[in-house]
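Q: Have a look at this one.
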C-alpha cells in the first residue's frame with residue numbers, strides 16, 4: 001500500500017509539473033487559453049510582459065483546391081527594442097516575425113501583412129480537409145502593447161492561365177499566388193506592370209515551403225527580377241518539374257537596385273516611422289510563342305537573307321551565260337587593242353603604269369637632236385643645239401617629292417608602286433584581322449557564357465539587360481531570338497567574301513591570260529586590290545558573332561564587344577574609299593588597327609569615366625589628331641612631323657602668307673574640302689565639350 005501511495009504521489013507531481021510547464025514558458029510568459037476565432041474579423045487587444053495571447057482559426061479546404069491564409073497585424077505602440085512577437089503554427093510549418101519589422105536597417109513597419117504557406121496538396125483527395133491555424137502574440141515590453149489581428153482566406157490563391165490580377169504590395173506586405181501549367185502549355189510569360197516607379201521585385205519560386213517573400217530573402221530562391229514600371233519573366237515548364245510555381249511580388253525599401261542611385265535616408269530617431277511605400281501592381285500570365293511559331297521565325301530569317309544569295313547567284317549565272325554565248329567578245333577586244341593611242345602603247349612598252357594619263361608628252365632623252373616640222377609644211381629641220389647634256393627631268397617619274405607634290409595629281413601619280421607589293425600590303429589587313437578576331441572572340445565567348453550560366457544557376461535576371469517583354473529562350477540561351485537576330489551580319493559577310501573572291505579570281509585570270517585582257521586589267525581604270533574588301537567582309541562576319549555574344553547576356557561590362565567591330569567596319573570602309581585612288585599613300589595594316597584600337601579605347605574611357613576632365617583632354621586630343629590627319633591628306637604624306645614643324649609653319653606664315661607673296665593655297669581643291677571637314681570636326685568637338693560641361 002505504501003508503494004502504491006508513493007507511485008500515486010510521483011504521478012501527481014509529474015502531472016502538476018507538465019501543467020505548469022504548459023502554462024509558463026521558458027521566459028516566464030504566461031499563456032492564456034487558446035481563443036477560437038473567425039476569419040475576416042478584426043481582433044483588438046493588449047499584451048504585456050509575461051503574457052501570451054493565442055487565437056485558433058479552423059477551416060475546411062475543398063478537394064483539389066488550395067486556399068491560402070493571409071495574416072494582418074498592426075501594433076502602433078510596439079517598439080524595436082521590445083517588439084510584438086507573432087508566431088503562427090500550422091500542420092507542416094511555423095512562421096514567425098516581429099512588429100515593428102525592420103527593413104534594410106532604416107525602415108520600421110508597424111503594419112505587417114503576410115501570406116501563410118499552404119500545405120502541399122494530397123494526391124486526388126475526394127473529401128474536405130480540416131485545417132487549423134494557431135496565432136500567438138507575445139511581448140517583453142513592461143507596458144501593455146496594443147495590437148489588431150485580422151486573418152482572412154485568399155480564395156483566389158490559384159492564378160489561372162491568361163488571368164489578370166491587381167494587387168497592393170509594400171516591403172512589409174508582400175503577396176504571392178500559385179500558378180499551375182496547363183497540360184498543353186510548356187512556356188508562359190509572367191508580366192507585371194505598375195503606374196509608379198517604386199523599386200519592386202518579381203520572383204518565381206518552387207511551390208514548396210517556406211516561401212521567401214521579404215526584401216531580406218526574396219532573392220534566395222527561384223527566378224527573380226527587379227522592376228519599376230514593367231517586368232516580364234519567361235519561364236518554361238522544365239524549370240519546375242512539378243509543373244507549378246509561386247508567383248511572388250515584393251517592394252524594395254530603397255531604389256538603388258533599380259536605378260543605381262540611393263536616395264538620402266534619414267536615420268531612425270525616437271518615433272517609429274512607417275514609410276508610405278505601397279505599390280499597385282497588375283499581374284498577367286500568358287502563353288508565349290508556340291514551337292511552330294518559333295521555328296517559323298527562325299526559318300524566315302534564314303530565308304530572307306538567303307534571298308541575297310539567290311539573287312547574287314542568278315546575276316553571276318546570267319553574266320556567265322551571256323559571256324559564254326558571246327563568241328565575238330575576243331575579236332572585239334582585239335580590235336580595241338588596235339585602236340589604242342600610240343602614246344599609251346609606248347608607255348606600256350616602257351613598263352610604266354598609264355593609270356590616269358595626263359595627256360602630256362614626255363621629253364625624249366635618247367641624246368639625239370629632235371626633228372621639228374614647221375607649220376608651213378617645209379621639210380623638217382634639226383635643232384641647232386644638242387640637248388643630250390641637259391637634265392630632262394626623269395626624276396619626275398621616280399622621286400616622290402616631285403610627282404606627289406604637283407598641283408594637279410592623277411591616279412597614275414599615286415599608283416606607281418608594284419602591284420604585287422601593294423597586294424601583299426593590303427592582304428595584311430585581312431590576315432591581321434583574323435588574328436585580332438580569334439584572340440578577341442575567345443575570351444568574349446567565355447565571359448558571356450559564364451554570365452549566362454550564372455544567371456541560370458542563381459536566377460538573378462538583373463545580371464543581363466534584356467528587353468524581357470520580347471525574349472524567347474531556347475536551350476541554355478535565355479534570349480535565343482536576340483542572338484539569332486545577328487545571323488544577317490554573318491550571312492551577308494560570307495556573301496561579300498564570296499563575291500570578293502570571285503572578283504579576285506577573275507582579275508587574276510585576266511592578268512594571267514596576257515594580251516589585251518592583261519592590259520585592261522593592269523593599265524586602265526582604278527587599281528584593283530582586294531585585301532581591304534576581304535577585311536571588310538571578315539569584319540562584318542565578326543560583327544555578327546560579337547553582337548550575338550553581346551546579346552547572350554547584355555550588360556554594362558560587355559557593351560563594347562560588338563561596337564568595336566562597328567568602328568572597324570567604318571574605319572576599313574573609309575580606308576577603302578581612300579585607297580581606290582590613293583593606293584600608294586594608304587597606311588599599313590599595323591598603323592590602321594593601332595588607330596582603331598585608340599578610338600575604341602577612348603570610347604570605353606568616355607563611357608566608364610566620362611568626367612569633365614576627360615572631355616577636356618579628349619577635345620584637345622581630338623582637334624590635334626584632326627590637324628595631323630589633315631596634314632597627311634594635304635601633303636600626301638610628303639611632310640615630316642618633328643620638333644621643327646612648328647618653326648617651319650611659323651616661317652611659312654611669316655614669309656609667304658603674311659607678306660602675301662603667294663596667298664593662294666598650293667592645292668586648292670584639297671584645301672577647300674579639308675577646311676569644310678575641319679569646321680565640321682571642330683563644331684562636333686566643341687559641341688560635345690559644351691554639352692558635357
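Note that Cβ sites are derived from N, Cα and C of the backbone, with glycine treated the same way.
All annotation found in TrEMBL is predicted automatically rather than curated by experts.
From TrEMBL, here are the annotated features:
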type	residues	note
SIGNAL	1-23	signal peptide
TRANSMEM	294-321	transmembrane segment
REGION	332-386	region 'Disordered'
COMPBIAS	345-356	compositional bias 'Polar residues'
COMPBIAS	361-371	compositional bias 'Basic and acidic residues'
TRANSMEM	433-453	transmembrane segment
TRANSMEM	483-501	transmembrane segment
TRANSMEM	532-553	transmembrane segment
TRANSMEM	590-609	transmembrane segment
TRANSMEM	615-635	transmembrane segment
TRANSMEM	671-691	transmembrane segment
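Map the listed features onto the structure and describe their local environment.
A: Nonlocal intrachain contacts for the transmembrane segment (532-553), taken as residues 6+ away from its ends with a CB within less than 8 angstroms of a stretch CB, comprise 426-427, 429-430, 433-434, 437, 440-441, 444-445, 448-449, 451-452, 455, 463-464, 477-479, 482-490, 492-494, 496-497, 500-501, 503, 559, 561-562, 564-566, 568-569, 572-573, 575-576, 579.
Tertiary proximity for the transmembrane segment (615-635) is limited to same-chain residues at least six positions away from its ends with a CB under 8 Å from its CB atoms, namely 405, 602, 606, 641, 667, 670-671, 674, 677-678, 681-682, 685-686, 688-689, 692-693.
Distant neighbours of the transmembrane segment (671-691): 615-616, 619, 622-623, 626-627, 630, 633-634, 665; these residues of the same chain sit at least 6 beyond its ends, with a Cβ under 8 Å from one of its Cβ atoms.
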Q: Grab the same-chain neighbours of the transmembrane segment (294-321) for me: Cβ-Cβ under 8 Å, and only residues 6 or more beyond its ends, written as numbers and ranges.
A: 472, 474, 481, 484-485, 487-488, 491-492, 495, 498-499, 502
Q: What parts of the chain pack near the transmembrane segment (483-501), using Cβ distances under 8 Å and only residues at least 6 beyond its ends?
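A: For the transmembrane segment (483-501), the sequence-distant neighbours (Cβ-Cβ under 8 Å, at least 6 residues beyond its ends) are 298, 301-302, 304-306, 308-309, 312, 477, 530, 533-534, 536-545, 547-548, 551-552.
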Q: Do any residues, 6 or more residues outside the transmembrane segment (433-453), come within under 8 Å Cβ-to-Cβ of it, and if so which ones?
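A: Those are 463-464, 476-478, 535, 538-539, 542, 545-546, 549-550, 552-553, 555, 558, 561, 564, 568, 593, in sequence order.
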